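Engineer: Summarising the annotation, TrEMBL assigns domain 'FAD-binding PCMH-type' to B:169-351. Sequence annotations record features per position, and here TrEMBL assigns FAD binding site to B:201-207, B:283-286, B:335-341. The site 'Important for enzyme activity' annotation in TrEMBL covers B:R386. Look at TrEMBL and you will find B:R482 tagged as substrate binding site. Taken from TrEMBL, the feature active site, proton donor/acceptor applies to B:Y545.
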Amino acid sequence: MKPGEDLSPTSWVKKDQPTDVSTMAHYKDGGYEDVLEERRHTSDLKYAMKSRPDVPRYKYCKPRTPAEIKTQVLNSDRLRYTIEKISDATKTSKEEIMKEAGSILDDMAHNLTVGVVRSVAFFLIKVFKSIFSRIYVNKEGIQMLHRLLHEYPVLLMPTHRSYLDFLLVSYIFYEYDLPLPIIATAMDFQGMKFFSWVIRQVGGFYIRRAFGSDTLYWAIFTEYVQTHLRNGDAPIEFFVEGTRSRTAKSYQPKIGMLSASLESYFKAELPDVMVVPISISYDRILEETIYAYELLGIPKPKESTAGLLKARGVLSNDYGSVHFHIDNPISIRLFSSNKIDRVQHALEPRYINNLTAQEKDVMVHLARHIVRQQQGHMVISPWALMASVLMQSREGILLRQLIKEVEWLKRQTSNLGAYVNWPGNTSSESVVQHYLSLHMNVISISETGLIELKLVLPSHMKKPVADEVMLNAATNLILSSYRNQLLHVFVQVGMLSLVVNTSPQVTMTMEDLYQGYVFLETLLQKEFVFLQGETKKEFEWAVLTLNHSGALAIKDNHVLVKQSINKYTTFFSQMFEPFLLGYWVLCQYFLSLPGDIQGKPLPRKPKNFTKEAQKVALRLLQENVIRHYEILSLDLLGNGLLALVEMGCMYKDKRWVSHSVTCHTRSVTRHT
Amino acid sequence: MADANEPGPEGKRHLVSNNVSYPAIKSINLEECRAEKSYKLTVEQKPSSIPKRRQELLKWNGWGYRDSKFVVNKNGHVEFTGERYRLSNTVMPALRDWMINTVGISLEHQQPAQPELTAADIVAPIVNEGFLEDMQRTGISFTDDPQDRLFRAHGHTLHEVFILREGKFKRIPDLVLWPVSHKQVQTVVELCSKHNVVIIPFGGGTSVSGALECPENEKRMIVSLDTSQMTKILWIDEKNLTACFECGIVGQDLERRLAEKGYCTGHEPDSIEFSSVGGWVATRASGMKKNIYGNIEDLVVHVKVVTPRGVISRNCQVPRISAGPDIQQFILGSEGTLGVVTEVIMKIRPLPECQKYGSVVFPNFEKGVDCLREISRQRSAPASIRLMDNEQFQFGHALNPEVKSVLASFVEGFKKLYITRIKGFDLQNISVATLLFEGTKEEVANQEKRVYEIAAQFGGIPGGEENGLRGYMLTYVIAYIRDIGFDYYIVAESFETSVPWDRVLDLCRNVKDRLIRECKERGVQFPPYATCRVTQMYDAGACVYFYFGFNYRGVGNPVKLYEDIEMCAREEILANGGSISHHHGVGKVRKRWLGQTISEPGLGMLRAVKQYLDPKNIFGNNNLMIDSKL
């Protein structure tokens, strides 16, 4: 050591201010590193022009241009077969159908171009630096991808909470010299000429949201996805939730895209396919306000270029940090082994679409599994904890109290195995204050230090919403979306707590407890993602967790109800109460429906059901019967409706028909 | 085997060579025939090339002749001993490094085989006294010599050879019988049925399906019915171009003796030196030159089989028949479960005037497969065409002998330069097809022209006759290499399948990938060697042959490990639309997939036939459809 060097005990600390919130982001906890750190000190232009020499490529890949890909798709066996069939069935000439196919493909195809990618990188890095303080990436995941992309075709499946998701994926892949993914994008963007063009150039390809029976479209789409997978031109990215989750909870997964891709594996065109779930956690979601209004049924503004540019005002805000977690790959071979028999496809040409029932089943399983794996690696922001506490403090809460509650909740969250992004070197007070400052748009602090919700006026609404209830609801929904980020962690113990809390008995057998749990899981099946066939296991895990943390008193295989109603179970119950209230409102509304001559309610469309149920909810709120604004959420009401259909309380024919809901209403009521 | 000097009792001759010259004895023989007022040639009978006490000529615990094996010589180079093969008595300087670099062997780490087993090490026989008494009266030759019994207790799967090298069989035949005629076989089967003794027919012993292994829990006496003394060519019918063989004649003797009369069957499985006619029928064998001559099922005109229920035979020898389902098809591939094939009438052909080798170099395996597919589409396949992948090409290269002349080395260098520099091929990607043409001079010339034209469309360039010849020769020698591998901790095996054209490439890639991945996941410490070649082509698909081996140093129970991995590979093959087997058969090692292959009712059909023909399960080798209940 040179003489004169600082010998203080903290000489290894670069900036010796343990309580400064801005330093807390320097840590590399859990193997995360901040991508923006280096970018803040180097030239963006140089960055955009950097050479990418070691980009891994699938070992069997034969390089081709986007134009060659198109030609190969149009000349594929699958397409020729489909065109032949359509031509025979409709008596249209093959040339005509081919022409149509060509234009469908033109609408669909990406045009990944390095030049544009570089310009976009240049632009994106500027935006990211201005709106985010940190973008954390798990380095291990990057290294894993470098190896994996060489060995197998890869499907990237990020969580979908924001438009920024796919930009972030591409940006990070650019940053770490990984091949840029091609991205399945919904048609929503096509209205915006310039952005639509840009997205194509950076690897986006467009698919219609619904094309159920259009065999030509399905064939082109399948072949287009599969040809990329087979040749491994690039990793393919799509969102298993289908669309951006407006509630920040995971949506029920869709399997369309998954089945189009995995058919290639089922038919042994590939040695394996690797699914890499990616969990992207935001401190603050860019579209939070828009989502809230959408959930209340105010139509979302069409994504026009002008609209996005106007959103630049939003871009000058601080959106905290992002955690980008690349998860361990799921090998489709291992996941599906013993569940399917690929031999079944040996007797037919492989371009004929015919997946077996087991294969479809495996994909439903897989889709749920992927969502659960995504959830497992979501990083819980302290703000999500704060939001959960604030949601349960309708009259406002003092900072001191808030800190205390949040610290308690943090412990519970960790005990359930979730990773909370809580800097260890900083006082809880500064952490809480930091996050309050990030979310001042929904929070106000009174002179007495009482922290409570604030009303918001969305910037893009010309006229303010007249009804005060709706306004409050919007703010509330924003806050609830952050609480929602915590719910997947607590859903099992939450359901258990609900059963205990609503029990009229003194003791409860484990069987009764389980039955109550099963009922709630069935009821909430559209709200949360449960794994098929794992109910018992998860129930047992929840019992064990609550029992060990002292929340659930069990003696001689019986739950002692009185001892089990405590802070834990009450808090956990209340987290889920709004959903049950919403469903209760839904049931009330169904029961109030006038019947026809035979006393049966008249059929209607589901959309109308939820709309009208929302009116009932609104009235209840106005009359102050219920104080949970979330019952106004169309998403919640819609999920409830779907669950009731699944449970057999409602059924659908060509239109939807409501049916008796009496018996279950009673049970729903019981739980609230 | 090309140019292999096969020692017959009468001396040596070239089984295959570039320009075949045949003795002009045809007319003389015809004279003789007419004299006898028959068009059937009688053939002078000669003893088999393989002695009764097989272990005197053949390795007791490995492949092939005792005198032929790979050894590391005193200079540390690999050398192939003996004088039988083209490669015999040559040093292959590149092979040692190939073995070190590709499969990670180390010359310091050896795993030698156990010494030859003596009577004390071999389990005592179970004796059925009544049977033995009756047997003695028949005058049929038999023995209970332990080493003779041991020799007939196995085929050549990895599992079996490993037991010979390092362990002991729990169950081996209790008696070896050598009947010399159809009639004697009938006697044996009758006696065995009478005394409830199990018969396991034994031909050339080249099985690679575990078919010859004795069921471990068989409590009855087991006799090995060795057909090796039934080697007569009963007649040759020049009018119909057919010949009648006894079941025990081995391929090399059969072709040699037919050639003396100017004929051949053209059936050349890779095991031709040792495998027998009866074995070909019982396993549904396939020959290298099937494009001209057909596989065994195309060659066979009539089969005579002795079953416990009686002799199965047709009343005519006709080219085709519509008489209900073909009973002969039940025999072809029955793997010794129904009876013993005793006499076979096969088609024969006049020896071809000209035989020529060739080879084509492709920039990669994919192009090669595309080319084969096109040749098949145009139905212009030569007698044989085989496409090696790059790994196998590299291996073939490593087997190159010491370059003895400056000129040869110069030519080699020039060829390499031409292919890599001028044609722009990458030696790490190229794939080589070996070709064998047969026919008249004009036919061969035409075939050659056509094949090379098609090859050119797929970027293939002719690689010379020498490379073709070497390729076929390697087939025979490659069987020997496994034994030296064993000495250095390598376990290796080959397996095959048939697959539709559209799935050939996917299957090759996926199976190799699976093999490598399974090795990795099971903790194999060294990179495995997985390679394949397309060895046969048909209108609707091809036969693919895999070689797979790995260095098991550092992991326990290599045989189990190998078998588990091969099982995964077979599952991958089936998932890729491949078959349970193209010509090796099912035996015991592939039994588990037979049900799904032929469906449960299909399996039931086989069982019903078995039940009728052999209700006591005298032919109880436990192959194919026989389950332990039967």
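Keep in mind that glycine also has a Cβ here, set from the backbone N, Cα and C atoms.
Remember, TrEMBL labels are computer predictions, not curated facts.
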Engineer: Using Cβ-Cβ distances, find the residues under 8 Å from B:P201 (FAD binding site) that belong to the same chain and are at least 6 apart in sequence, listing them in sequence order.
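Structural biologist: In sequence order, B:S224, B:L225, B:T227, B:G278, B:A282, B:G336, B:V340, B:V341, B:F619 meet the Cβ cut-off.
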Engineer: Give the mean pLDDT for the domain 'FAD-binding PCMH-type' (B:169-351) on the 0 to 100 scale.
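Structural biologist: The answer is 96, the mean pLDDT of the model over that range.
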Engineer: On a C-alpha basis, identify the one among B:R386, B:R482, B:Y545 that is nearest to B:G204 (FAD binding site); the candidates are the recorded positions.
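Structural biologist: Comparing Cα positions, the closest of these recorded positions turns out to be B:R482.
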Engineer: Rounded to the nearest Å, what's the C-alpha distance separating B:R386 (site 'Important for enzyme activity') and the residue listed as 'substrate binding site'? Just drop the number here, would you?
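Structural biologist: Rounded to a whole number, the Cα-Cα distance is 21 Å.
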Engineer: For B:R482 (substrate binding site), just give me the three-state DSSP call.
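Structural biologist: The residue in question, B:R482 (substrate binding site), is helix (DSSP, three-state).
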Engineer: In whole Å, note down how far the CA of B:Y545 (active site, proton donor/acceptor) lies from the CA of B:R482 (substrate binding site).
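Structural biologist: Taking the Cα atoms only, B:R482 (substrate binding site) lies 16 Å from B:Y545 (active site, proton donor/acceptor).
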Engineer: Between B:Y545 (active site, proton donor/acceptor) and B:S207 (FAD binding site), how far is it from one CA atom to the other, in Å?
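Structural biologist: About 16 Å separates the two Cα atoms.
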Engineer: Sort the residue listed as 'active site, proton donor/acceptor' into helix, strand or coil using the DSSP assignment.
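Structural biologist: DSSP call for the residue listed as 'active site, proton donor/acceptor': strand.
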Engineer: Measure from the Cβ of B:S207 (FAD binding site) and count the other Cβ atoms within 10 Å, all protein chains considered.
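Structural biologist: B:S207 (FAD binding site): 29 neighbouring Cβ atoms within 10 Å.
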